[in-house]
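Visitor: Here's the feature list from Swiss-Prot:
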type	residues	note
BINDING	Gly50, Pro51, Ser52, Gly53, Cys54, Gly55, Lys56, Thr57	ATP binding site
DOMAIN	18-248	domain 'ABC transporter'
Amino acid sequence: MGEIQTLNAKQNAGQPVIRLSGISKSFDGKEIIGNLNLDVNHGEFLTILGPSGCGKTTVLRMIAGFETADNGQITIDNQDVTNVPAEQRHVNTVFQSYALFPHMTVFDNVAFGLRMQKVPAAEIEPRVMDALKMVRLESMAQRKPHQLSGGQQQRIAIARAVVNKPKVLLLDESLSALDYKLRKQMQIELKQLQRQLGITFIFVTHDQEEALSMSDRIIVMRSGVIEQDGSPREIYEDPKNLFVARFIGEINVFEATAKERLDENRIRAEIEGVDSVVYFDQPVTEGQKLQVLLRPEDLRIEEIKESEEKGIVGHVTERTYKGMTLDSVIETESGMRVMVSEFFNEDDPDVDHSLGQKVAITWVESWEVVLSDEQEI
């Protein structure tokens, strides 16, 4: 077990384990990936996130060697593998279907790759059992796949991949077949296993929650292009454009007009007809259209009387109790629907708002993200 755990101990952390340089790929004359450049570091959990058809699985398949790039270069551990067949690359893939052999035992499934590589029999058994111990399934070595739960099958597929000592483990929508509770459990287990092994994981998903909860780093893709590359916190709290902001979780987008610059960090802007101060350090001109982005959990609402005017105001049109939070929809005077998420405190008489209640919407200064006006494509 120690041998696999220290797999990457001698790797050079100064060089990326995978580098994609100028990669492009087309199918039937349609460009899917265009001039993509990406470095993946040793030992990191990288998630490629994006909607269906954005090219994320194509990127994974080109790294694995299942697809050939039309242009560009792919290197793994500083070796050019652009035209190297899949079976000669030091990567393994865990697919959504797991692809376990139904007629083989768990042990034989995990040992299959080693036998294909003609690893000596005396070495196979300890390596297989070490891999099964990592996923806590050594007691099920003699069972068949149909005797296992979905989560157990997924862990066997991972054991079969890591027993080959890959430099990189590729996971293609590997949790999507599991139910919600099991998927949450496997998210934790996958991240723990990745830390234990020290192997680079590249995970492809369209599920934003999976990406945020497991990743060291997230790549957000759209139409074959990387829209943003950053940590989960950077992606969520500081989206670089409207597409990323709307793709990662819920967000409110207020239309705004710049009025004047107050200092190097702040400007005065009109939002929903109300003078407001927002943080924006980019060049701006009077009258310039902007978009002010705020997550539902960043907003606060205060109940006010119908006769009161207090900043941005609206009326509660929907409310949803979700246990830990109370989610409300506020319709402003302009007709905009604003989502607000508040932690539910049963001892607070003001947290459960009545439908039709007039409220004032506020937020902590600097929590907003301000973008130059753009229309989502």
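Backbone N, Cα and C define each Cβ position, glycine as well.
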Visitor: Let me know how many other Cβ atoms fall within 10 Å of the Cβ of Cys54 (ATP binding site).
Guide: 23
Visitor: Which one is it: of the binding-site residues Gly53, Gly55, which Cβ has the fewest other Cβ atoms within 10 Å in this structure?
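Guide: The binding-site residues Gly53, Gly55 were compared, and Gly53 has the fewest Cβ atoms within 10 Å.
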Visitor: Quick check on the binding-site residues: of Ser52, Thr57, whose CB has the lowest count of neighbouring CB atoms inside 10 Å?
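Guide: Relative to the other binding-site residues in Ser52, Thr57, Ser52 has the fewest Cβ atoms within 10 Å.
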Visitor: Counting other Cβ atoms within 10 Å, pick out the least crowded of the binding-site residues Gly50, Pro51.
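Guide: Looking at the binding-site residues Gly50, Pro51, the Cβ with the fewest others within 10 Å is that of Pro51.
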Visitor: Around the ATP site formed by Gly50, Pro51, Ser52, Gly53, Cys54, Gly55, Lys56, Thr57, list the extra residues of the same chain whose Cβ is within 8 Å of the site's Cβ centroid.
Guide: His206, Met221, Arg222
Visitor: On the three-state reduction of DSSP, what should I expect for Lys56 (ATP binding site)?
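Guide: Looking at the DSSP assignment, Lys56 (ATP binding site) belongs to a helix.
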Visitor: Neighbour count, 10 Å Cβ-Cβ cut-off, for Lys56 (ATP binding site): what number do you get?
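Guide: Around Lys56 (ATP binding site), other Cβ atoms within 10 Å: 27.
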